[in-house]
Amino acid sequence: MSTTKTIVVLPGDHVGTEITEEATKVLNAIAEKRPNIKFDFQHHLIGGAAIDATGVPLPDEALEASKKADAVLLGAVGGPKWGTGDVRPEQGLLKIRKELGLYANLRPCNFAFDSLLDMSPLKPEYARGTDFTVVRELVCGIYFGKRKEDTGDGVTWDSEQYSVPEVQRITRMAASLALQHNPPLPIWSLDKANVLASSRLWRKTVEETIKNEFPTLSVQHQLIDSAAMILVKNPTKLNGLVITSNMFGDIISDEASVIPGSLGLLPSASLASPPDTNKAFGLYEPCHGSAPDLPKGKVNPVATILSVAMMLKLSLDMVEEGIAVEKAVRKVIDNGIRTADLRGTNSTTEVGDAIAAAVKEFL
């Protein structure tokens, strides 16, 4: 039986076009090998490119197409050209997350490639075995709270607000992911409950939700500043699922991203529901930014291609194909086909071509 999956592609700015081209190349390789699978790619604008063309960072047609799609693939947004004015590329990203209800951001941090252990800033004996996923609440908290800009009085403020249902929702996401493993993965919850009222509600709600709804699971609470130290000193201690608020998740996942040695390796998924049936709606993007200073052909496409692997497994119910993509990436990197960030000499397209060819070998 033939199946067609609609994927909205939002290249965004600078390297975004290059990396999404390589990611769709890999999906096309899957379709070539599996004639019953078809992908309908719909390209739209977001970020600075959208501002230049339409005056807004997220055109209505891009948002509406995304709402109707099976999944969304995003490149990267932003750059110095658009500065910090009233209309900014990043506003498009915040809006699409909110409008699509993408409340959970998943950022894996692991060493799938032992051949890259020497790339980590940590000694191999500390980096080896690191395997956790940050589950970041994405559409609430201080980034979406009430704020006051400086109106000339020299005073500004931002506010963080969380409700019990919002914390329950992200806790259930982490629990769902933990239960997909046998034995279930441990859960860490990061907060600042010794200082912040919002964190005290967070900790209480996480604890009660796990206890009442998922009694077979365990959760351990850690203060965010302590967790940041653990991440450098002994990152494997956090193995499992790491659940935290929007701002804390933003910071801790960026810190975690340097452990594997390059941002060009790290994928992410933003989901609107738990992937219990591998059909959760989601937006997929690399963890790195738009890299406006990087020459053409130098960006590493692996993070975006691994984001596609997550898409296949979590949103498109194509787990076998997703695993094939992961195996293909591992083979290509182990064979030394790498971009400059991994001390290689290959171009963006050469890495993408090699992965697309390798995918066919594993299907």
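Glycine residues also receive a Cβ, built from the backbone N, Cα and C atoms like all the rest.
The NAD(+) binding site annotation in Swiss-Prot covers 79-90, 289-300. Classification of Gly85 (NAD(+) binding site) by DSSP places it in coil, neither helical nor stranded.
Annotation source Swiss-Prot lists substrate binding site at Arg97, Arg107, Arg136, Asp225, citing similarity to another entry. Other Cβ atoms within 10 Å of the Cβ of Arg97 (substrate binding site), summed over all protein chains shown, number 19.
Summarising the annotation, Swiss-Prot assigns site 'Important for catalysis' to Tyr143 (among others) and lists similarity to another entry as the type of evidence. The DSSP secondary structure for Tyr143 (site 'Important for catalysis') is helix. For Tyr143 (site 'Important for catalysis'), other Cβ atoms within 10 Å of its Cβ number 18.
In sequence order, Ser199, Leu223, Ile224, Asp225, Phe248 make up the list of same-chain residues 6 or more apart from Lys192 (site 'Important for catalysis') whose Cβ falls under 8 Å from its Cβ. Following the DSSP three-state reduction, the secondary structure of Lys192 (site 'Important for catalysis') is coil. What Swiss-Prot records for Lys192 (among others) is site 'Important for catalysis'.
Cβ neighbours within 10 Å of Asp250 (Mg(2+) binding site), excluding its own Cβ and spanning all shown chains: 18. The Mg(2+) binding site feature in Swiss-Prot is assigned to Asp225, Asp250, Asp254; the stated evidence is similarity to another entry.
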*Residues that sit under 8 angstroms from Pro292 (NAD(+) binding site) by C-beta distance, when 6+ apart in the chain*: Asp13, His14, Gly79, Pro80, Lys81
*Enumerate the residues of the same chain, Asp225, Asp250, Asp254 excluded, that satisfy the criterion Cβ within 8 A of the mean position of the Cβ atoms of the recorded Mg(2+) site; list them in sequence order.*
Ile224, Ala228, Met247, Phe248, Gly249, Ile251, Ile252, Ser253, Glu255
*asked:* Using DSSP and collapsing to three states, where does Pro292 (NAD(+) binding site) fall: helix, strand or coil?
replied: coil
*Arg136 (substrate binding site) has how many other Cβ neighbours within 10 Å of its own Cβ?*
27
